[in-house]
């Protein structure tokens, strides 16, 4: 929450500046989506998201130098890192497809993370705190950063899948590209040019592009989540002598892994595309919310950052 001595705390100030940049970017992104997209507006939105990402980068580095450990030890740092991961993933996706739909779909997630961290958390969860002995390990950077980046990629991919559900409402969706390609199975058109037959590639539909980008982003997130779970098991065995203890966070991380494994299975083995796998990905949004925020706020288990049931 805001404090009178805000200017004396650069970490909180940088977080609020990132919030301001995202708050400006969001209405511009929706406005650019509502009418004919303007390249100048798209550029401003992108610059604001870049500014937010750089501000979050500076914030996390400042907290790292100030605390002496990787800035992921409490819910405030975790939320800011997740917002950084979401903005980074968003910018990476926009490089593949500079569409106004991408910032309109994904900017709200980063904004919610920074807003919750800046305005909803008590001071005790915003201030830096020393690490408990079990967390003083080189595995901290490896495990937690990979898990958080997997959440960011899965969230962005799932939001793009949610956008698929709102394209071509009430119409059958014809997707011509494969799940493992990028238009290699598109139907081509034949035209004649002075008696010569010309093979012309069919244009890629909006829903098709969204479907393909969400699939690729979720695939990256799933691989990162797999690496994160494995590294967490190795770390747990070193710290507590047990590979898996069915801690609430571990259980929900496994559920999250199974949901997105089902998403990939339906695409690769069943050939699902469009709205059906999109619904599976959207259900993953709920699972990640419970895994990340829900379990944390209950204050139960080894992975919690919460305060509701803390003594």
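Quick reminder: no glycine exception, Cβ is built from N, Cα and C everywhere.
Residues annotated as transmembrane segment in Swiss-Prot, with sequence analysis given as evidence: 11-31 (among others).
The feature transmembrane segment is assigned by Swiss-Prot to 44-64 (among others), with sequence analysis given as support.
The transmembrane segment annotation in Swiss-Prot covers 68-88 (among others).
Long-range contacts of the transmembrane segment (101-121) within the same chain: residues 1-2, 12, 15-16, 18-19, 22-23, 25-26, 29-30, 32-33, 42, 45-46, 49, 52, 56, 75-76, 79-80, 82-83, 86-87, 89-90, 93-94, 155-156, 159-160, 162-163, 206, 210, 213, each at least 6 residues beyond the stretch ends and with a Cβ under 8 Å from a Cβ of the stretch. Residues or ranges marked as transmembrane segment by Swiss-Prot: 101-121 (among others).
Look at Swiss-Prot and you will find 146-166 (among others) tagged as transmembrane segment, backed by sequence analysis.
What Swiss-Prot records for 217-237 (among others) is transmembrane segment, and it gives sequence analysis as the kind of evidence. Residues 89, 93, 137, 139, 142-143, 146-147, 149-158, 160-161, 243-245, 250, 253-254, 256-257, 260-261, 263-264, 281, 284 of the same chain lie 6 or more positions beyond the ends of the transmembrane segment (217-237) yet place their CB under 8 Å from a CB of it.
What Swiss-Prot records for 251-268 (among others) is transmembrane segment, and it gives sequence analysis as the kind of evidence.
Look at Swiss-Prot and you will find 280-300 (among others) tagged as transmembrane segment.
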